[in-house]
Amino acid sequence: MSLITMLVLSYPTFTKFRLSSNSPISVHRTDKLHPDPVDRPPEWLRNSPTTFVQQIIIRGGVEPWISQNMTTDQAIRGPLSRAFLAREIVLSDKVVDEFCFQINRDGAQSESALHQDGCLLLDPTAFWQSSIDSFREDPDVLTTIFSRECSTVMCPRDLFLGMPTTFTGIKPKYRSNRKRSIDFSLTLFLVQFDHDMRNALLERLTSDGNFVSVPLPAEEQSHFIHVFYRQRKAFGDYLPLLSSYAVFTFYLYYSARKFEMVSSRWSLAFAAAFAVGATLLMTTGVCAHLELSPTLWGAEIFPYIALILGLENTLCITRAVVYTPPSLDVSSRISHGLAQEGYSLCKYFVMELLFLAVGYATRIAEIQEFCMFAFIGLVIDFYMQMFFYAPCLTFDLQRLSPEEKRKFALKLFHADIPHLHEFVPVRCPMRKLWPSFFRMERAKKRTLSESQLDERDLPEDPDRKGVCPLLPVFNLFAIIQISLTSWSDVFSQKVTRTVTVLKNVVR
């Protein structure tokens, strides 16, 4: 079952997840466009920027509406319609046209999502090819926005909205008509940055009363964020991670050498490494299916954290199971071993989830991304430990020969006798709701052979209607008869052997 679950959850990893991707690993904030060498900026910041990005964030408020007067589509359509007006104002400015990044769309790129020429400007109007008529004729705006699929490499929906969709207030479905804000931004790419151009553009947007400018805090007025994108990742960039998992396998093998009461140490080490690797694949698959892009620093740290957590849980489970009495059957050894470590495993599992919940409540994008990725990974790791590694440990214990069990029992002879817990039998809760479905019929047991059984002489079997009060008496007579028959057979066999011996002596 765990293998089927692994294949299903890992499938999006191979279909949507791409290894060759650019990720903004290095982010540096300064108060100047070109930082001074005295501040010791990063090496990559000494080069000239490739492009400048200016975002214009637009926030529209939606008051509580009555469903009979306005639908959800109309509530979202109103704020998004302002993007067409803002786009027209920005592109009509001649000063912006001088500084913006120009693009030319040829025939080979006619099917691109950027249906435009001239200044490179990303905004929500790209969903409708920057046509106000297409926007008005669209019967369902939300369906159009969420029709584009996202991958872990790029999400066109986030690019056009200018921010992650979860922060815009736009959802596929709304459960209430409460007051909410709809946020999006216009992302303008520039080849040069000029303060006068920026101030003139802001003044023009607010001159006719179409928009109201909300001033930023004083410390963010002249704040520049420098983002460095790495080169495209190749297979060699993942060698540290692969090497870590290889070292993890060897470490598990040498750690398992201390556990002498196992059949194959290599198989347990490989099973533990496979469980941790499958956890990583399943986590990325779930994130890809939920359109969570694990591209920041938190997602790159998590594989190593999962490695450490998987190692600790694996050693605890193995130690608890192998030191149970070998005289017990394998299922009992697994249950008693997990019972010894179950409380601590569940306690730390719940504590880790609580810490992640606290981190998610900080409302910091990087920390929230790491907490979501780690939450999914922890749940899957706990599942794989219980439903994959524990069965592998069961198979290993079943391979032990009686001689090995006897040898292990002698080693545990001088050790302290472990206290085994008594478990209450598991009862199905549906037994109380539907007792007739779980009613067990009395099984008939034959006390006489067919040659000695004559149904015509026996009375009707009362067990079909209920419990027979004379059934213990019948069973007693049957037992006496079987005992007499067995003793007569034994006596006849002894007499036959005695006669045979006497004949041999006479001869």
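Cβ from N, Cα, C; glycine included.
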Exercise for the section: Select from 302-322, 344-364 the stretch of residues annotated by TrEMBL as transmembrane segment. Expected result: 302-322
Problem - Contacting positions for the transmembrane segment (370-390) when only residues 6+ beyond its ends and CB under 8 Å are counted - result: 1-3, 5-6, 9, 271-272, 274-276, 278-280, 282-283, 286-287, 292, 294, 296-299, 301-302, 305-306, 309-310, 313-314, 317, 334, 338, 345, 349, 352-353, 356-357, 359-360
Completion exercise
Sequence-distant contacts of the transmembrane segment (238-256), meaning Cβ under 8 Å and at least 6 residues beyond its ends, amount to 19, 262, 265-266, 268-270, 272-273, 276-277, 303-304, 307, 311, 314-315, 318
